[in-house]
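Annotated features in TrEMBL:
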REGION    1-93  region 'Disordered'
COMPBIAS  79-90  compositional bias 'Basic and acidic residues'
DOMAIN    351-568  domain 'Orotidine 5'-phosphate decarboxylase'
BINDING   D357, K379, S470, Q533, G552, R553  substrate binding site
ACT_SITE  D410  active site, for OMPdecase activity
ACT_SITE  K412  active site, for OMPdecase activity
ACT_SITE  D415  active site, for OMPdecase activity
Amino acid sequence: GVEGMLGERFVRATAQSLRAAPRQSPCTGRPATRPASASRPVGPSPSRLCFRFPSHSKGTPSARFRRRENLRNAPPAKPRAEGERGEKGRRAGPRLCESEAATMESLVLKLYEIEAVKFGNFKLKSGIFSPIYLDLRVIVSYPQVLRQVSEAMWKAVEGNCSFEVTCGVPYTALPIATAMALDHDLKMLMRRKEVKDYGTKKAIEGHFDKGQTCLMVEDLVTSGMSVLETLDALTAVGLKCTDVVVLIDREQGGRENLKSHGLNLYSALTISEILAILSKHGKLSDEIVKSVKDFIAANKVDKSKQAADAMKEEAAAVAKPKRVPYEQKASQAKNAALKRLYEVMVAKKSNLSVAADVTSTSDLLALVDQVGPHICCLKTHVDVLDTWDEGVAAALAELAKRHNFVIFEDRKFADIGNTVVSQYASGVYKIAEWSDITNAHIVPGPGIVDGLKQVGLAKGKGLLLLAEMSSAGTMAKGSYTEEAVKIAEENADFVIGFISVNPGSWTKKCANGSFVHMTPGIKLQKGGDGLGQQYNDPKSAISRGTDVLIVGRGVYKAEDPKKAAQEYQKAGWEAYLSEL
């Protein structure tokens with residue numbers, strides 16, 4: 001006990017004296033350097049002269065001191081020229097001391113143990129099969145491994161370059177960059193992979209000044225394309241980037257590719273080193289090692305081919321619009337009501353449908369007269385009106401003719417075929433007589449379409465299927481949506497499209513390119529109404545594949561409905577044009 005206490009005091013006294021002295025790298029003997037923005041020296045602290053022995057290392061205080069003293073007295077390594085590769089295949093920089101080499105072996109074995117490095121037969125994104133798979137996402141579940149990884153990467157770059165801020169390449173490298181920033185008091189930025197169309201709309205988050213130098217942090221590099229995407233985002237906001245640090249260089253041409261873009265790559269490990277360490281410890285057979293080496297050699301990144309492919313893709317993107325224009329959809333339409341809808345949209349430069357969910361017939365007719373010039377489609381709910389007769393139906397038809405729009409009765413039929421025949425053709429509302437379009441759920445199965453078609457097809461009407469809904473917690477999604485697509489394609493002469501929310505995300509795409517997608521719940525600002533209705537703005541809805549924007553309260557509850565309709569018409573059409 002006494003010896004232990006004296007040892008601890010001796011360590012503390014030694015630590016104080018070391019803090020007062022100029023710091024040197026334990027492996028090179030050179031003075032340690034630090035990024036310009038940092039508030040404390042870069043050199044290892046007394047408790048971490050070599051990252052093999054952090055402050056929480058096991059062992060007695062006196063044993064820890066002897067290890068530190070041995071490192072401090074180690075002879076300096078022979079300097080290497082810039083770009084020269086060392087014994088382990090890394091760039092010029094501090095040569096691994098014995099303890100660091102042991103730590104790297106420990107790290108590789110740990111990565112293998114947690115299956116961050118796997119061997120087998122894995123299908124890659126490109127479609128080819130690989131005998132090795134690196135899944136570094138799992139390290140977030142192992143705090144000590146995450147710290148080891150960040151420290152190994154820090155050692156790879158320490159003293160080799162200067163920078164003022166760091167930025168992790170999304171997404172796997174973000175926790176690594178965060179750990180590095182916390183351990184070494186570094187200023188960190190974060191790049192958004194998908195820039196939001198609301199809020200600050202920033203691609204790079206964090207505080208920085210234009211002209212500052214940024215170190216990019218990535219988990220591994222194959223071709224370097226994800227790094228180059230981040231480079232574009234960083235340079236776009238005025239940051240300078242010359243260096244990248246990664247945990248693993250796959251040795252498939254990424255280093256050379258990055259060099260051609262003016263970037264120096266620093267790696268803690270290479271695939272060759274990982275294979276050597278795992279083979280040494282009996283984790284891999286000679287056969288597996290050879291298969292991985294053969295795969296790496298056969299799948300080097302060809303910059304010239306890559307550039308040619310990129311040019312082809314770019315040319316194809318220019319030649320092919322992001323979405324099919326309304327005029328083209330009209331020419332492909334098999335249904336008369338659908339063709340007319342597209343023609344109205346093009347003629348009026350409007351993809352706006354107003355949901356006139358008022359309860360007074362007089363209010364309905366007054367509203368329609370105001371917004372009629374700005375809409376392509378009027379959506380009604382006649383069963384909420386205080387009165388209805390043939391005169392009201394005739395007045396609506398007259399307004400539709402005067403202002404050139406189609407009428408969509410949002411009936412949402414959901415009964416068996418025989419029942420919907422009567423509901424559609426007769427009853428109080430006689431919907432098939434005055435509405436151009438109606439809609440239905442597919443819950444009863446395809447028979448509901450057969451029943452409605454029996455009434456509407458001969459009259460030139462069209463049917464929308466409810467494939468998705470805009471209410472929170474809706475069950476109209478997934479396999480339900482896929483079945484709606486199947487039924488629609490089997491009845492393309494009568495079914496004209498869907499009520500949908502995000503058709504661009506559907507797993508089963510529509511083979512029929514003429515189908516129209518109408519999306520409810522549109523407002524100029526996103527949000528909800530507290531009753532489950534979720535709102536999307538015009539631009540985001542159009543970017544998801546919507547054709548017609550359905551706006552309700554944003555227009556009919558506006559102080560000036562006509563002006564509101566004009567604003568939505570303009571926003572919707574501009575969003576559509578931006579997608580062509």
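Cβ coordinates come from backbone N, Cα and C, glycine included.
Mean model confidence of the domain 'Orotidine 5'-phosphate decarboxylase' (351-568) amounts to 92 (pLDDT, 0 to 100 scale). Here the C-alpha separation of K379 (substrate binding site) and D410 (active site, for OMPdecase activity) works out to 6 Å. Distances between the Cα of G552 (substrate binding site) and those of the active-site residues D410, K412, D415 are shortest for D410.
When the alpha carbons of D357 (substrate binding site) and D415 (active site, for OMPdecase activity) are compared, the span between them is 23 angstrom. The candidate set comprises the active-site residues D410, D415. Of these, D410 has the most other Cβ atoms within 10 Å. Of all the recorded positions listed (D357, K379, K412, G552, R553), K379 sits in the most crowded Cβ setting, with the most other Cβ atoms within 10 Å.
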